[in-house]
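The block underneath contains the structure these notes are about, expressed in structure tokens.
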Number of protein chains: 2
Amino acid sequence: MNKEDYFIQQFTNQTKLIGDDAAVVGNMVYSQDAFFENVHFKREWMSLKQIASKAMLVNISDAIAMNAKPLYALLTVAIPKDFSTSDLRKLANGFKKVANDYGIKIIGGDTISNEKLDISITIISQTSNPKYRADAKIGDLVCYTGTLGSCKKDLKKLLKGKKVPSKAKFIKPKLKGDFFYDISKYVNASLDISDGLFFELQRVSKASKVGFEFFDEISPEVGTSGEEYEMLFTFPKKHLEKVMLSAKNHKVPLNIFAKVIKGSYKTTAKNHHF
Amino acid sequence: MNKEDYFIQQFTNQTKLIGDDAAVVGNMVYSQDAFFENVHFKREWMSLKQIASKAMLVNISDAIAMNAKPLYALLTVAIPKDFSTSDLRKLANGFKKVANDYGIKIIGGDTISNEKLDISITIISQTSNPKYRADAKIGDLVCYTGTLGSCKKDLKKLLKGKKVPSKAKFIKPKLKGDFFYDISKYVNASLDISDGLFFELQRVSKASKVGFEFFDEISPEVGTSGEEYEMLFTFPKKHLEKVMLSAKNHKVPLNIFAKVIKGSYKTTAKNHHF
């Protein structure tokens, strides 16, 4: 067990709310994610606006994965001492643009002076029908949205000092909220793919106590690509047509790649996240 | 204007919710504060349990200042790579102890591996009668709880490499929640003293568009001592007896030091916070 998981385990006896992408209390959903320089990104990889934008989007992705609509955000931003007012405006504009796109109000937070740019965001969302990792049922179909693999490739490029296009998903995640909200009534279990498909499947297996029968082999390039922020979900076979029709209407590629079976699933792949 | 204030200003056109110790939405109150190594504390000053405990308490202080009861916490903890499992347990115990003392459920958050110990906490609270900085009224009495000054002295000692006792307020803030909740019905404006009395008074002046008539001179040692986490509040004179009686019952020293008048108040003192 790594240190992060060990630390989290210290709290899981206290509450059953920990362990999904966000915590559900009544019809409110709370998620908090860090987006730290040299942990989640390097500054030379992206513009300040892109950094702020991605920090917001990865947090919004958690809300979508719980089938919740984000309403409010709290931003804690640790600002490097050498930032100019122009830098600060660019950063603020990144936050505001995404907040505006998603109808989110930025209601507070904290700013401090720090060595590096470390962002921590809380998203407050609302749902009438929360979705969890633990609700996959035997016989469910398992699918993910979009295509997987580009983020791992782009991360490799960036780590080698190469550039990637600004429209790349690694720079700007392409969330599938509209589609997912539309089909959520058919969904049993869901989460977003932040640490790679294989890793997320292991989470579903552990939470739902199920295994998977794969229809085709999934290559490591696809299965271990992290920071994709695509949706991974399971649904009863009887809803297949409705789910596929909605995917078509929303122009969301859908990859139905496995069936939920009795058993368990473990991956030997490493948690692939910069 | 410093960079942190400039950054915050980029968001204040968006919403009027920013600017108090916490944001109020309906009867829910949301606050998020950073507690970063080498920004808010040095690791040699305090045990890991004390660090976690203070991180929680300074956030709870914001909730109390809004007259809100903390219910839930989200913890984002950036963990240094060299931490042992024993270190992680000590840290977790600090969070859990305070959460337990205040009846707070830790419902989620994020953990990452980082160079230093950087904590960001969101506290979700509930109130039926939120208190703001902007509601000081002409004629109100102005007071603070406890005694001010020790935190600045202790910070100086620590910066010189000396030790301070573990029961010092700088190590463990002594929140006055029970007293403040009790008298909150009489209070007009309130906030906690995190950046020094003079600085907080300037905030009240700006938000409420008022000045202060001081009954006695306040020494810089008292007025510029930050991280005190005492309550600063104003209330109509007619409630004086009830407020003083409650202070006595709760064994809270109360210092009524000024009256709210027309005008404005500015301090030349620096924001005194490590």
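Each residue, glycine too, has its Cβ placed from N, Cα and C.
With A:Asp21, A:Asp192 listed by TrEMBL as binding Mg(2+) 3, the candidate from A:Asp62, A:Asp140, A:Asp154, A:Asp216 annotated for that site turns out to be A:Asp62.
Confidence annotation: the domain 'PurM-like N-terminal' (A:19-124) carries a mean pLDDT of 93 in the model. Across the domain 'PurM-like N-terminal' (A:19-124), DSSP classifies residues as 38 helix, 44 strand, 24 coil. Taking 8 Å as the upper bound (exclusive) on CB-CB distance to chain B, the binding-site residues A:Asp33, A:Asp62, A:Gly109, A:Asp110, A:Ser194, A:Asp195 give A:Asp33, A:Gly109, A:Asp110 in sequence order. Ranking the binding-site residues A:Asp21, A:Asp62, A:Asp192, A:Asp195 by other CB atoms within 10 A of the CB puts A:Asp195 at the bottom. In sequence order, the binding-site residues near A:Asp21 (Mg(2+) 3 binding site) (Cα within 10 Å of its Cα) are A:Arg133, drawn from A:Gly109, A:Asp110, A:Arg133, A:Asp195.
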